[in-house]
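K.L.:
Let me begin by handing over the structure; questions about it come next.
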Amino acid sequence: MVHQVLYRALVSTKWLAESIRTGKLGPGLRVLDASWYSPGTREARKEYLERHVPGASFFDIEECRDTASPYEMMLPSEAGFAEYVGRLGISNHTHVVVYDGEHLGSFYAPRVWWMFRVFGHRTVSVLNGGFRNWLKEGHPVTSEPSRPEPAVFKATLDRSLLKTYEQVLENLESKRFQLVDSRSQGRFLGTEPEPDAVGLDSGHIRGAVNMPFMDFLTEDGFEKGPEELRALFQTKKVDLSQPLIATCRKGVTACHVALAAYLCGKPDVAVYDGSWSEWFRRAPPESRVSQGKSEKA
C-alpha cells in the first residue's frame, strides 16, 4: 500500500460547531444535509426545513443522480453533478462537510462523501456521529433555509473509484479485486427479503464477502477507530493491501466500506455503482448466490 497524506474523512461535531460559531461558513466551508429515508417512513426534506445544522443546504440524493437509469441511485453525469453542487455554493476550493439524520448515526452521508471524491473533489468530510449526536450534544439548530451564492464546480470523474457491471463480471474469472458486500447478513445470504423492492430477490454476487455496514459504527453512532476497523477487515480475511470493490443493493452503504478502508489508510476502494440491483437483473444466474432460493428449490 502506498502511504500518502489523506484528507480528513471525518470531522467532529465540536469542530463543526466551533467553525460555525467563529463564522467560517461560506465559500470555503459548506455543510450538506444528505438525509434520505424509505418512502412512507420519514420525510427528509420536511425534517430539514424543520431543523438542521445552521448554514446547511439540503442535498437531494433523488435529484442528484442519473434519473434515466433503470437502476437505483446511479451517479449523475459530470455536468449534472457540477451544476447541482454549484447551486449549493460549492466550488473546487470548498471544504464540504456532509451529515444525515439516520438514527444509526450515518447512512447516506458516506455516499455523498464518495460522490464528491469520485468526481475529483478531495476536500470532503463526514460529520462523525451525524445529526443524531449533533442534537444529543446540544449544538444549535435552525429552520432557516440556506441560500448560498452559486459557485462554479468542475467535475472530473475518477474512474479508478467506480466499477461497472462489465468490470465486476470480468472479475469473477480474473479475481483481480476482492469484493465486499455491505448489506445485512440475511439479505446477503438470501434468507431475508430486500426491503421495499419489487421483483428483486435477495442474495449476493458469487465470491463476495459480507461486511454489514452497521459493524463499522459504534452503538452511539460514531465511526469506529482505525484499529477496530482493521480488525474487522482482518476477521473477514479482506486484505487492505490488495484491490477492493464495495457493493450493496444500490451503491449507498457500499460507500461505508470505502470510508472504513479510507480511515485505515486505503483511499482507493472502488464502488460498484449498480450493485445488487443491477447484478440481479443482468448477471448470469450462476453468478448469483442465494440460500433462500436454493432452499426453495
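Just so you know, glycine gets a Cβ as well, placed from its N, Cα and C.
Model, not experiment: these values are computed from the prediction.
These came from Swiss-Prot, pasted as-is:
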- C248: active site, cysteine persulfide intermediate (ACT_SITE)
- R187, K250: substrate binding site (BINDING)
- 25-143: domain 'Rhodanese 1' (DOMAIN)
- S35: O-linked glycosylation site (CARBOHYD)
- K14: N6-succinyllysine (MOD_RES)
- K14: N6-acetyllysine (MOD_RES)
- S38: phosphoserine (MOD_RES)
- K136: N6-acetyllysine (MOD_RES)
- K163: N6-acetyllysine (MOD_RES)
- K175: N6-succinyllysine (MOD_RES)
- K175: N6-acetyllysine (MOD_RES)
- K224: N6-succinyllysine (MOD_RES)
- K224: N6-acetyllysine (MOD_RES)
- K236: N6-acetyllysine (MOD_RES)
- K237: N6-acetyllysine (MOD_RES)
- K237: N6-succinyllysine (MOD_RES)
K.L.:
Taking 10 A as the limit, how many CB atoms besides its own sit near the CB of K236 (N6-acetyllysine)?
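P.N.:
There are 13 such Cβ atoms around K236 (N6-acetyllysine).
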K.L.:
Using C-alpha positions only, work out which of the recorded positions R187, C248, K250 is nearest to K175 (N6-succinyllysine).
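P.N.:
Minimum Cα distance from K175 (N6-succinyllysine) across R187, C248, K250 lands on C248.
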K.L.:
Through the lens of DSSP with three states only, how would you label K163 (N6-acetyllysine)?
P.N.:
strand
K.L.:
Looking at the recorded positions R187, C248, K250, which has the shortest Cα distance to S35 (O-linked glycosylation site)?
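P.N.:
Considering only the listed recorded positions, the nearest one is K250.
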K.L.:
Across all chains shown, how many C-beta atoms besides its own are within 10 angstroms of the C-beta of S38 (phosphoserine)?
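P.N.:
If we count other Cβ atoms within 10 Å of S38 (phosphoserine), we arrive at 8.
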K.L.:
Given the recorded positions S38, K224, K236, K250, which one's Cα is the least distant from that of K14 (N6-succinyllysine)?
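P.N.:
Given the candidates S38, K224, K236, K250, the nearest one is K224.
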